[in-house]
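Student: Here it is, the structure in full.
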Amino acid sequence: MMKKCPSELQLEAFIREEAGAGDRKPGVLSPGDGARKSGLFSPGDGEMSVLDQSTLDGSGGGHQLWWPESVRTPPRAAAAFSATADERTPASISDDPKPTTSANHAPESDSDSDCDSLLEAERSPRLRGTKSTETKRIRRMVSNRESARRSRRRKQAQLSELESQVEQLKGENSSLFKQLTESSQQFNTAVTDNRILKSDVEALRVKVKMAEDMVARAAMSCGLGQLGLAPLLSSRKMCQALDMLSLPRNDACGFKGLNLGRQVQNSPVQSAASLESLDNRISSEVTSCSADVWP
């Protein structure tokens, strides 16, 4: 059911009031009579109802309409108004809905075509913008892949170079470790040799001290002889010294009787042993003499 405009509702209320005025007794005024006599429009009780064509035309039985001069319309306007009312009644809409729908759909189709054209016009730059953005995205993706591939290759080359350097360093480390082992062995041998040399030096020092003592003793004996202490020695010691220094006659005679060849035949070992024994005897005698001099 179509919604009615306010003017139609007011018109129906006016017609309903007029129909009710015909049913009332003469001499009784309704609330809208003064308004009709003064030429004003009164909506009546405000009830909403739909009247048929006979009521609108005033031809219905017992429904005689009274139109004031101020509200009365010309015949042409009344005919046009009646035609408009017929078109807007629910009966006319229910009887012939096809022309109305076709009339309503015709401008809608035109408006739809216009909207489609406008949408296509709006979509065309959007589509172009979308294509451009898609192209940019694809190019960016390709460039990113290329850069990633180049970076992977660079990293692979760096990794291989580092691996070769590691292998080289490992070889150098092994060679240096071997050299360190050899050096440690040499150091150990040097330490051992140093200890041996130190012991040899100590032994030589002891020997040097012994030699110095012997030299001092010899010098002391020589000094005693030079100072004239020899006469102070006892006769016994002196005799012993003379007996030690003097040669026996038999030996002297023997030396006289010996020839040169026999003397040459004596071995140097025997001569060295005799000299050593002689030296020992001299040193012992000198020591005993010095002890007698300095008790």
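Any Cβ shown, glycine's included, is placed from N, Cα and C.
Just lifted these from Swiss-Prot, have a look:
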- 16-157: region 'Disordered' (REGION)
- 16-26: compositional bias 'Basic and acidic residues' (COMPBIAS)
- 109-119: compositional bias 'Acidic residues' (COMPBIAS)
- 120-136: compositional bias 'Basic and acidic residues' (COMPBIAS)
- 134-197: domain 'bZIP' (DOMAIN)
- 136-155: region 'Basic motif' (REGION)
- 162-176: region 'Leucine-zipper' (REGION)
Student: Go through the chain and flag residues at least 6 beyond the ends of the region 'Leucine-zipper' (162-176) whose CB is under 8 A from any CB in it; none is fine as an answer.
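Tutor: Beyond its ends, the region 'Leucine-zipper' (162-176) has no Cβ neighbours under 8 Å.
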Student: Over the span of the region 'Leucine-zipper' (162-176), how high is the average pLDDT in this prediction?
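Tutor: A mean pLDDT of 93 is what the predicted model shows over the region 'Leucine-zipper' (162-176).
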Student: Helix, strand, coil residue numbers for the region 'Basic motif' (136-155) per DSSP?
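Tutor: Secondary-structure composition of the region 'Basic motif' (136-155): 20 helix, 0 strand, 0 coil.
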